[in-house]
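J.: Quick one: the structure is below, questions incoming.
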Amino acid sequence: MAPALLLVPAALASFVLAFGTGVEFVRFTSLRPLLGGIPESGGPDARHGWLAALQDRSILASLAWDLCLLLLFVVQHSLMATEAVKAWTSRYFGVLQRSLYVACTALALQLVMRYWEATPRGPVLWEARAEPWATWVPLLCFVLHVVSWLLIFSILLVFDYAELMGLKQVYYHVLGLGEPLSLKSPRALRLFSHLRHPVCVELLTVLWVVPTLGTDRLLLALLFTLYLGLAHGLDQQDLRYLRSQLQRKLQLLSRPQDGEAE
């Protein structure tokens, strides 16, 4: 019972940290660019052009710092997902391997958000300034962000979020049920090996669909787009499995309604 008393709080702490980081990530990627307004040192008249920005050391230093933060997150997220590192962490942390990975990812993302340096004086790729675009573009972006985040949360529920967060591994271990992934079908394991980030399109929508796309936001969107693109490798078998699982879940959801109709 003693190990369980240590394992469960550790897994729950990792989950709480990841949940809080997710809430902060929503603020960082959506609320701040959509509702935060123009920074005090920014504005159309204070911004440099692209050529002038390349000669401004403060802008280049901020972008270089942001790039280092993003690379830190990418290296951590990718390195800890390799088989060698997973084997090492499993040897020393056992069933908490996934929880450790989630906690380290959350901490790396917290570093990115906390120490991110905006470039309000930098050039913009696009900006909705003139009416009616200044009114309708932010509203459209807000709607798309809300829909995207709702889809992201829905997909995480479908994709066994308890296993993704490391909670299910500890729960199964305490009950003596073994490893959760060992109970999944080969088709499901194949899909999970190809798609551990099941929110690619929705996250890209959040990153790119903003009223003003400045240089620091462009850097954030570009690097995450490249990373998400390289991290996915779905093929026709995976798509057929996803389609069959979706149809199965829809049938399960429709059964109570059919019973009530009778």
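Heads up, the Cβ atoms here are built off N, Cα and C, so glycines get one too.
Annotations for this protein, taken from Swiss-Prot, read as follows:
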TOPO_DOM  1-4  topological domain 'Nuclear'
TRANSMEM  5-28  transmembrane segment
TOPO_DOM  29-58  topological domain 'Perinuclear space'
TRANSMEM  59-80  transmembrane segment
TOPO_DOM  81-97  topological domain 'Nuclear'
TRANSMEM  98-114  transmembrane segment
TOPO_DOM  115-133  topological domain 'Perinuclear space'
TRANSMEM  134-164  transmembrane segment
TOPO_DOM  165-191  topological domain 'Nuclear'
TRANSMEM  192-210  transmembrane segment
TOPO_DOM  211-216  topological domain 'Perinuclear space'
TRANSMEM  217-234  transmembrane segment
TOPO_DOM  235-262  topological domain 'Nuclear'
J.: What residues elsewhere in the chain lie close to the transmembrane segment (98-114), defined as a C-beta under 8 angstroms and at least 6 residues from its ends?
T.: 10-11, 13-15, 17-18, 20-21, 24-25, 28, 69-70, 72-73, 76-77, 80-81, 86, 89, 163-167, 169-170
J.: Within the topological domain 'Perinuclear space' (115-133), count helix residues (DSSP H, G, I), strand residues (E, B) and coil residues, in that order.
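T.: DSSP classes over the topological domain 'Perinuclear space' (115-133) add up to 1 helix, 4 strand, 14 coil.
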J.: In terms of Cβ proximity under 8 Å, which residues at least six beyond the ends of the topological domain 'Perinuclear space' (211-216) contact it?
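T.: Cβ under 8 Å, 6 or more out: 33-34, 38, 53, 59, 62-63, 66, 116-120, 122-128, 134, 137-138, 141.
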J.: Summarise the topological domain 'Perinuclear space' (211-216) as counts of helix, strand and coil residues per DSSP.
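T.: Summed by class, the stretch gives 2 helix, 3 strand, 1 coil.
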